[in-house]
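Report on the following structure.
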Amino acid sequence: MNALAATNRNFKLAARLLGLDSKLEKSLLIPFREIKVECTIPKDDGTLASFVGFRVQHDNARGPMKGGIRYHPEVDPDEVNALAQLMTWKTAVANIPYGGAKGGIGCDPGKLSISELERLTRVFTQKIHDLIGVHTDVPAPDMGTNAQTMAWILDEYSKFHGYSPAIVTGKPVDLGGSLGREAATGRGVLYATESLLQEYGKSISDQRFVIQGFGNVGSWAAKLISENGGKIVAVSDITGAIKNSKGLDVPKLLKHSKEQRGIKGFDGGDPIDPKSILVEDCDVLIPAALGGVINRENANEIKAKFIIEAANHPTDPEADEILEKKGVVILPDIFANSGGVTVSYFEWVQNIQGFMWEEEKVNNELKTYMTKGFKDVKEMCKTHNCDLRMGAFTLGVNRVARATVLRGWEA
């Protein structure tokens, strides 16, 4: 089942539990606006190249739309729609005043020079500058884009609208980016895991962890979990996978991964087959890489008691059912990886106020939001007698539905 089908399915189940009427349910699913633009740039060799840029703006009942911009050769409209919709529910679960959006450009950033990427970003911004805005739609980095991309968007947008640091989040700190933003998703994963374990009378320090994916989210989660006494027994990334049942030396692994551009060849653990990472013996499994990795093929083999979804949509609905029967507790992506968008919200707030926070304040506020978010999800689980995924979806959908009705928008 692809991301869009799974997201729609979860939405419909949540709408049923909440007893939403069919007209309201239908209007919540339809995107507010879909934008498609042609971006033509001169390449470094003088030839012209054309790319398709797009932005799906899903819902703005609770505030400006928010979501990443990705540069990727295969940008699938269905997936972008699903991710825009997911952002609507995710921002509502986190209780930050945003709706959902997603966008990008169909290109291979690895095959473009820095100056070509800059020209492409600026042309894209010129085409959509009057459709985004500080109080309309606030982009952020995603696959294939970074803080530099955001800096170019900020500069190009400011030519039309005056200096507007709040137009994008995930900026370089020198241009109004927030301290603590880089670690935010991984730190949110830590706080979410702490809240869940506490519920079962456990703590980070008495658990063994396996992390799939060692990019930004996975590496920060590993660092913070090990600093809090958790034992990381296996890790994988695109270069390979390693295991050490006594616990990996995370600071050494981070250094190795940075120097060698991957974890392959790290001597503090034994190499294992990356395909087996999800079924390694552990207490807590953290998929922090791609979607759809936990499916009916491997769900029966999973030994973890808890799964924390740091990636977007890592668990197929079929696997959900198998794992539920086994008594595995899954903390859903829509809550578990919301640390990133929460600190993006803090960045936007700081930019609007023109007043920047210390990193300690950013981290403390994030902890407050994640802890409260978990309590709210649990409350919905009790009300509707459902699992954490449906608890989170009913919480998010209910908040958006209420805002829609209060604004007089229901059909």
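Heads up, residue numbers simply count up from 1 along the chain you see.
For all residues, glycine too, the Cβ spot is worked out from N, Cα and C.
Not measured: the values here are computed from a predicted model.
TrEMBL has this to say about the protein:
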- K66, K90, S344: substrate binding site (BINDING)
- K102: active site, proton donor (ACT_SITE)
- D142: site 'Important for catalysis' (SITE)
- T185, N216: NAD(+) binding site (BINDING)
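The structure, with features from TrEMBL marked on it.
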{"residue": "K66", "record": "substrate binding site", "Cβ within 10 Å": "28"}
{"residue": "K90", "record": "substrate binding site", "Cβ within 10 Å": "27"}
{"residue": "K102", "record": "active site, proton donor", "Cβ within 10 Å": "29"}
{"residue": "D142", "record": "site 'Important for catalysis'", "Cβ within 10 Å": "19"}
{"residue": "T185", "record": "NAD(+) binding site", "Cβ within 10 Å": "24"}
{"residue": "N216", "record": "NAD(+) binding site", "Cβ within 10 Å": "17"}
{"residue": "S344", "record": "substrate binding site", "Cβ within 10 Å": "28"}
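Surrounding the centroid of the Cβ atoms of K66, K90, S344, where the record places substrate, the chain contributes additional residues within 8 Å, namely G67, M87, T91, A94, I96, Y98, G100, A140, S338, G340, V341, T342, Y345. A distance of 20 Å separates the Cα atom of N216 (NAD(+) binding site) from that of K102 (active site, proton donor). Among the recorded positions K66, K90, K102, T185, S344, the ones whose Cα sits within 10 Å of the Cα of D142 (site 'Important for catalysis') are K102.
Note on proximity: of the recorded positions K66, K90, K102, S344, the one nearest T185 (NAD(+) binding site) is S344, by Cα distance. Ranked by Cα separation from K102 (active site, proton donor), the binding-site residues K66, K90, S344 are led by K66. Maximum C-alpha to C-alpha distance over the listed substrate-binding residues K66, K90, S344 is 13 Å.
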